[in-house]
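What TrEMBL records for 55-247 is domain 'Tr-type G'. As annotated by TrEMBL, GTP binding site applies to 64-71, 140-144, 194-197.
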Amino acid sequence: MAGAAAFRRSTRRVFRPGAYALSRALQHPERLLSSQASPDRGGVLGSELGLYPPERIRNFSIIAHVDHGKSTLADRLLELTGTIKKGHGQPQYLDKLQVERERGITVKAQTATMFYRHANNQLPASDQPDAPSYLLNLIDTPGHVDFSYEVSRSLAACQGALLVVDAAQGVQAQTIANFYLAFESNLSIIPIINKIDQPTADPDNVRAQLKRLFDIDPSEALLTSAKTGQGLSQVLPAVIERIPSPPGKCDSPVRMLLLDSYYDEYRGVICHVAVVDGALHKGDKIASAATGRTYEVLDVGIMHPELTPTGVLYTGQVGYVISGMRSTKEARIGDTLHQAKSTVEPLPGFKPARHMVFSGLYPADGSDFDALSHAIEKLTCNDASVSVTKETSTALGMGFRCGFLGLLHMDVFHQRLEQEHGAQVISTIPTVPYIFEYGDGSKVQVENPAALASNPGKRIAACWEPTVIATIIIPSEYVGPVIMLCSERRGEQQEYTFIDAQRALLKYRLPLREIIVDFYNELKSITSGYATFDYEDSEYQQSDLVKMDILLNGQPVDAMATIVHNQKAQRVGRELVEKLKKFIERQMFEITIQAAVGSKVIARETLSAMRKNVLAKCYGGDITRKKKLLEKQKEGKKRMKRVGSVDIPQEAFHELLKVSNSK
Ligand SMILES: Nc1nc2c(ncn2[C@@H]2O[C@H](COP(=O)(O)OP(=O)(O)OP(=O)(O)O)[C@@H](O)[C@H]2O)c(=O)[nH]1
């Protein structure tokens, strides 16, 4: 247990202060409304919501490692309460984005309100028509490390969390991170061992892990299969019995926490809110504590699971508000919305999103800049966690420098640009925010390696790079290779313990740069897919960094510049140059591809001259076939970027992203 306690202390860092400060702020409830009989399932009117005082409300989240079954469990609970129809033909109801369905991950947290009759004895609720009804707000959360910001947001509105653990896989890296987020938010945690239908399920071992790592009493864990439905009937009773109701002052002026916001083309900005004190009615005037702006409440309601107008939301309830905000920039996540002209204490805010990965986004066809600009603007309306600034590259023309929470976040943004807005995008090698100090003592944060060149007269005196604390869980036979991988990536071991007889936990401090490209893939491949990995931001460390340029026929390509560790420059340079050689097509003249640090060339390849004749194999005189081939070639040319005199295909930029920066 001593090991577990030490581990817990060392893991506490993951807590997001805003999240648990809120639950502390909500500690002294005063209940105004008395509990009453309940409305029928499904039929929700504003007057009926008033029948749910805080003691009849439970706000909870589901947290888990990726793929342990959060969204499936959420679906089952929505079905069980009649909120959605059984077999509605669309699994993972709360995963609404196309990219979420395709990748099977949750990116944006969603909320749904359910109604559930519950009696305090062991009889099934169906045998007790007079059993009281409860209003349950289920807040689905993303599972991936990049989106832990969304997790902390969701937790701030909850008093409890279902901690879902796969019965076969057991506790994984993200189970640990999410547990501590919930624990430090003072949430009541209900452990759920899911997927017990699997032949390899070992619930006893998972119980033992929960005890060892989190000191959770094994008898508290519920055993379920979200797939077969086994054990699911225990979940909602446990939610009602074990999770406290939301505290808040029913008779105070309205005060609510802004949990999330998105832009709807027809209705404007829709804010998800948790009402902490008082009641909010349609027509009320509300103000934002952050901006001081006032708004009129045009529509208010619950997510049941679609937007369902109720005209009112009471203390402890979670729902949506439409108030004529023009852009999500006005709807700051974590802001307090309150009754206009009243002085209220703002609720503790959230930790602002930190951008850890930056990349340039350029239209594949230069003339599509306006279309890309429009697409990015629309997408950031719904994803305020992306930062966007315009930038210009000599190689790629006009584009944008975007900051993301992590690499998956970047990928998802990219995919959404293409899928939802049809944008064809070239993105540059991702980079992390470095800090450089010049000889004159001035410091700059560098988010674009090419920007370093704009200060040629200044000598760089020192540089710092962001680091992370990574938690890796692996079967013990893989410890050796993983330790090697981490030290190759300039990692510093912080902890090495066993979580059970078969699995080890490693903690490393690693430069963020070393994990943003390819680390996870490599970790997965050397551990046959068994490793799980999570990380949290840590401090900056001083480092020996250099800017590496890529030159084509002697011309630096600004969009391909990158910052690397001095000792790795040669290897990375060679790899980049070899990769480019494969992707740049031969042209009518010789092309030299070089990697250089300052004026020193560290890698070089030459591509000999050739003319590609697409008609070479087209014997005979079929003119339509010839035309088709020429058309195809023309189409191909469109996807080329001309740098100086060299055409670079779009794929070359994509491939560069994959180049390991540290092998
Ligand atoms: N055998 C079995 N499979 C399950 C069960 N619950 C979920 N699954 C499957 O596990 C996979 C992952 O489930 P999800 O519900 O998408 O997992 P998630 O935790 O929401 O994943 P993220 O949204 O990526 O965080 C899906 O293929 C589900 O069908 C279960 O109880 N038994």
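Cβ atoms are placed via backbone N, Cα and C, with glycine included.
Whatever TrEMBL says is automated annotation, not expert-curated.
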Stretch-averaged pLDDT - the domain 'Tr-type G' (55-247): 83
Most Cβ neighbours inside 10 Å, all chains, among the binding-site residues Asp67, Lys70, Ile196: Lys70
Per DSSP, three-state class assigned to Lys70 (GTP binding site): helix
Cβ neighbour count within 10 Å of Ala64 (GTP binding site): 26
